[in-house]
Amino acid sequence: MALQLQRHGARFPDDNASAYRHAVHQLARARKYHSHLKFMNDYEYALGQDDLIPLGATQSWASGAEAWARYAALLGDAGDESIFIRASDMPRVVDSAGNWSTGFAHASQGHIHPKIDVRLSEEANSTLNNDCPSAGGGTEEMNTWLHQFVPPIIKRLTKAAPGVNLSEEDVFSLMAMCPFESMAKARVDLIQGLKESGTYEGNSFLAKQKARSPFCNLFTKDEWRAFEFHGDVEKYYKTGPGNSLGPVQGVGYTNELLARLTNTPVRDNTTYNASLPFPLGRAIYVDFSHENAMVAVYAAIGLFNRGPHTKDDAKRVWVANRMVPFSARMVTERLECGAGTGMSLMEGSDGKTPDGTYVRIFVNDALQPLEFCGAQGDGLCSLEDFVESQGYARRSGDGDFERCYN
């Protein structure tokens, strides 16, 4: 069994689009430009808002094709009926689910045609959307970090563009223009060609295309490390373990995961909606969501459970752009080992593979250690030990969900 939780593909800026446009407008007020800022002499802001971009569609398509390559053998004779797909009901999320399905169908040479089975409204509690009004959003911690690394940048940009008056938020927005504009510049014709040939290779595609925003050249490597760390701080204190009400926002999905792994009804008193279809016994489950909801799930399960520490800590585990990039995915596999299964995944002290049912988790293809349920180097936990390790979710968050609305 394979259970995939996936973020939507790359998109235009969301609610922050107005802040990005404002920052560019502020920079355009300079009397003259020096050095790397000369592109501003004829620059026009051209980013859309909220919608998927071609690269994002391709990311989801490629994920579907890869899922076929890895898990087609699980489908058996049931075909389409072995796959269950849900999506949080926002256009870019639903579109990502549709693109994934198209990629899966294409890779199967048209033999399998997955469909979206359930759309979960974002207007109500949902296991695919984070919702906790009392949780806060980590604004204080993010601002503290901005105050530390942005002032020298303001000083340098003001010197290179006399007459500008940039705030710390403006500088952050100008930095964000680099990835958003670079992704949007990816050529549609080349993306389509790679899709058809099956040679699309993910985010490295941007580097090969040289689709690079001029805003990328305005900042140093150390400033980019500080920008990256800002994302770590945001996710840690928004829906991650740095927020006392972060992990509970991932409890609903975690309990659904346990139900599917054990083929038993969901037991949850948080965001699970019992009125919606929730079939058991499928071979492949795919759920499409947002990055903040995924971070909450990681926190609820116990993944990446060490905080952001400092930006210069090369061994830090909590790195948001590796945890929840566009089209990020967490894949949980249930594996059967024993006579007749044809699988030899781990060895006991006698050199034989212990019979039993096991769980392992990949995040963006990286095998997770799962120390909390006794996994060794192979990342495998017995299903029983994995379920036992999820006490916080099985207890519906120890009362934290009620605190969300107090």
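Positions of Cβ are set from backbone N, Cα and C atoms, glycine also.
Residues or ranges marked as disulfide bond in TrEMBL: Cys178-Cys216, Cys373-Cys381.
Local packing around the disulfide-bonded residues Cys216, Cys381 was summarised as the count of other Cβ atoms within 10 Å of each Cβ; on this measure the leading residue is Cys381.
DSSP classifies Cys381 (disulfide bond) as strand under the three-state reduction. Following the DSSP three-state reduction, the secondary structure of Cys373 (disulfide bond) is helix. DSSP gives Cys216 (disulfide bond) a helix state. DSSP assigns Cys178 (disulfide bond) to a helical segment in the three-state reduction.
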